[in-house]
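Trainee: One structure, as structure tokens, below. Some questions next.
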Amino acid sequence: MEIYLVTGNMNKKEEFLKMMDEELNVEFVNINLEEIQAQDIVEINEHKVKTAYNILKKQDNNKNKKRYVITDDTGLFISKLNNFPGPYIKWMQKALGSKGIADVVSRLDDNTCHAICTYSVYDGKDVHSFKGITNGKIVEPRGNNKFGWDNIFQPESLSKTFGEMTFDEKQNLSPRFKAFVQLKEFLMNEHKKYNNEF
């Protein structure tokens with residue numbers, strides 16, 4: 001059983017390794033994937049994981065081996081902007097930066113939002129998707145910006161942005177971690193089933 005996480009983002013790779021059980025061996029592959037244009041973050045990610053799986057399968061001589069390919073996607077959904085930018089946050093971030101996004105939201109009478117992260121895993125037959133959601137608000141930039149908009153996202157009922165938190169503080173709150181817990185449970189169960197077959 002081989003597990004591949006498709007990412008070229010070193011921060012995501014580092015975070016994934018901190019969360020993953022050592023019992024599961026994960027290979028990281030960097031594949032440039034086209035994303036479909038859609039509002040549904042799960043739909044986008046499921047398309048992405050199938051594309052990645054097919055690319056990896058074509059590159060491998062052993063077409064019959066059991067492989068699980070994982071992709072992730074994240075969105076920031078600003079309430080007063082009808083949940084825009086959602087899955088288009090990376091483009092908005094690229095165009096405006098964190099400060100620009102915070103400036104836009106500061107002109108609204110409501111700065112609430114929610115962040116969603118999805119992991120999708122595909123084994124060539126079935127796609128399984130896992131979603132984590134964290135409610136919060138957009139604030140002026142504070143802290144580091146290791147992950148895109150961390151320095152402007154302040155989780156509900158807290159006074160720190162993700163950018164001001166340590167890894168451990170952020171871990172239990174982040175939508176990525178919430179989705180990851182579900183993904184890890186799924187992979188551990190698949191790993192047990194796979195080992196019982198041999």
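Glycine residues also receive a Cβ, built from the backbone N, Cα and C atoms like all the rest.
Here's the feature list from Swiss-Prot:
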BINDING   7-12, K48, 73-74, K90, 147-150, K170, 175-176  ITP binding site
BINDING   E35  Mg(2+) binding site
Trainee: How many Å separate the Cα atoms of T7 (ITP binding site) and the residue listed as 'Mg(2+) binding site'?
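Mentor: Computed Cα spacing between T7 (ITP binding site) and the residue listed as 'Mg(2+) binding site' is 14 Å.
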Trainee: Output the one of K48, K90 that, of all these binding-site residues, has the highest number of other Cβ atoms within 10 Å of its Cβ.
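Mentor: Sorting the candidates by Cβ neighbours within 10 Å, the top entry is K48.
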Trainee: Just counting, how many other CB atoms are there within 10 A of the CB of M10 (ITP binding site)?
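Mentor: Looking across every protein chain shown, the total is 9.
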Trainee: Any same-chain residues 6+ apart from P175 (ITP binding site) with CB under 8 Å of its CB? Would you list them in sequence order, or say none?
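Mentor: Expected: T74, A115, I116, C117, K131, G132, I133, T134.
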Trainee: According to DSSP, does E35 (Mg(2+) binding site) sit in a helix, a strand, or coil?
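Mentor: In three-state terms, E35 (Mg(2+) binding site) counts as coil.
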Trainee: Could you state the CA-to-CA distance between K90 (ITP binding site) and the residue listed as 'Mg(2+) binding site' to the nearest Å?
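Mentor: Rounded to a whole number, the Cα-Cα distance is 12 Å.
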Trainee: What's the CA-CA gap between the residue listed as 'Mg(2+) binding site' and K48 (ITP binding site) in angstrom, rounded?
Mentor: 6
Trainee: In sequence order, which same-chain residues at least six apart have a C-beta under 8 angstroms from W149 (ITP binding site)?
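Mentor: Listed in sequence order: L76, I89, Q93, S98, I101.
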